[in-house]
Amino acid sequence: MTLNPFTDIAPEVEQALDAGKPVVALESTIITHGMPYPDNSRMAADVEAIIAEEGAVPATIAIVDGRLKIGLSANEREALAQVKGAMKLSRADLAFALAEGRTGGTTVAATMLAAHLAGIKVFATGGIGGVHKGAELSFDISADLEELGRTSVIVVSAGAKAILDIEKTLEVLETKGVPVVVHGADVLPAFWSRQSPIKAPLRLDSAEAIAGFQRAREAIGVNGGMLIANPIPAADEIPAERMAGYISEAIARATKDGVTGKAVTPYLLSEILDITKGESLKANIALVENNARFAARIAVALAIR
Ligand code: PSU
Ligand code: MN
């Protein structure tokens, strides 16, 4: 199958899609901009293994030398983890990278778009982008929210990153008609922490129930994305009270260094890594793995009719 002249679907992904078997998409900005090497490489391999273990096929999505890759080989994945100067690609510039032969990691927005193009319904990430603190002045609102409003893919996250204004992020998602479903809890998780002060908009306790909700949305023609907030495992979390101090310190450093635009999220993540001496990175890897496992279970539940 050739989707378009710019896209390469990995053979095992293509076979699974043709046979109606479960597939889980994975983003790659987390590889190129979200974690240092070699942790990014190990994480990227581990999440693929976890998805396979659950009976689904992983498809890491990225742009390599102007090719939109739906599924990377182990060598391609390793090369991406080490590449210098990769772009951070969203809806606005994904096609630019294709036209110009560039290499880049796909954000949640670009990965959703590409997954939908390939017919993949479920996608696992760490945390989505959202409304940044101070957005009333900076206007910094992630294109991930717009994409969730328009593209029919289920995104499994650990909640919005606590570096964001979570209340405003939820307001925007509600406006755009995006259901936010917390897995097995009554409050929204906050990425590194299991709990935030914010009530879960919706709660479901199993992958099967989420698949059932998605089928009902499809039956009545409600398109657009769904956001699953899957709390980080208790053993790996950094409690919210402790995170709050680290986050304000990182934001203070960003303000002092004049960091704006696309650079903000990667900058804050790397400063928090520095401030926590790597503890945040350990938590980040654990939550991504946890999300990959749950996303695979949702994909499996959706594939059973
Ligand atoms: N989750 C992580 N690490 C990351 C990201 C998510 O654990 O680096 C990335 C995602 O690709 C997300 C992006 O789409 O950060 C958001 O960037 P921005 O706020 O600039 O839209
Ligand atoms: Mn932004």
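Backbone N, Cα and C define each Cβ position, glycine as well.
Automated prediction, rather than curation, is the source of TrEMBL annotations.
Note that this is a predicted model, so its numbers are computed, not measured.
According to TrEMBL, the features are:
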ACT_SITE  E27  active site, proton donor
BINDING   K88, V108, S142, A143, D144  substrate binding site
BINDING   D140  Mn(2+) binding site
ACT_SITE  K161  active site, nucleophile
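Straight-line distance linking the Cα atoms of the residue listed as 'active site, nucleophile' and E27 (active site, proton donor), rounded to a whole number, equals 16 Å.
Listed binding-site residues: V108, A143; maximum Cβ neighbour count within 10 Å falls on V108.
Taking a Cβ distance under 6 Å to any atom of ligand 2 as the criterion, the binding-site residues D140, S142, D144 reduce to D140, S142.
Taking the Cα atom of each, S142 (substrate binding site) and E27 (active site, proton donor) are about 15 angstrom apart. Among the recorded positions K88, K161, the residue whose Cβ has the fewest other Cβ atoms within 10 Å is K88. Here the recorded positions are E27, D140, D144; the one with the fewest Cβ atoms within 10 Å of its Cβ is D140.
Among the recorded positions listed (K88, D140, K161), none has a CB atom closer than 6 Å to any atom of ligand 1. Taking the Cα atom of each, the residue listed as 'Mn(2+) binding site' and the residue listed as 'active site, proton donor' are about 21 angstrom apart. Of all Cβ atoms in the shown protein chains, 26 besides its own fall within 10 Å of the Cβ of S142 (substrate binding site).
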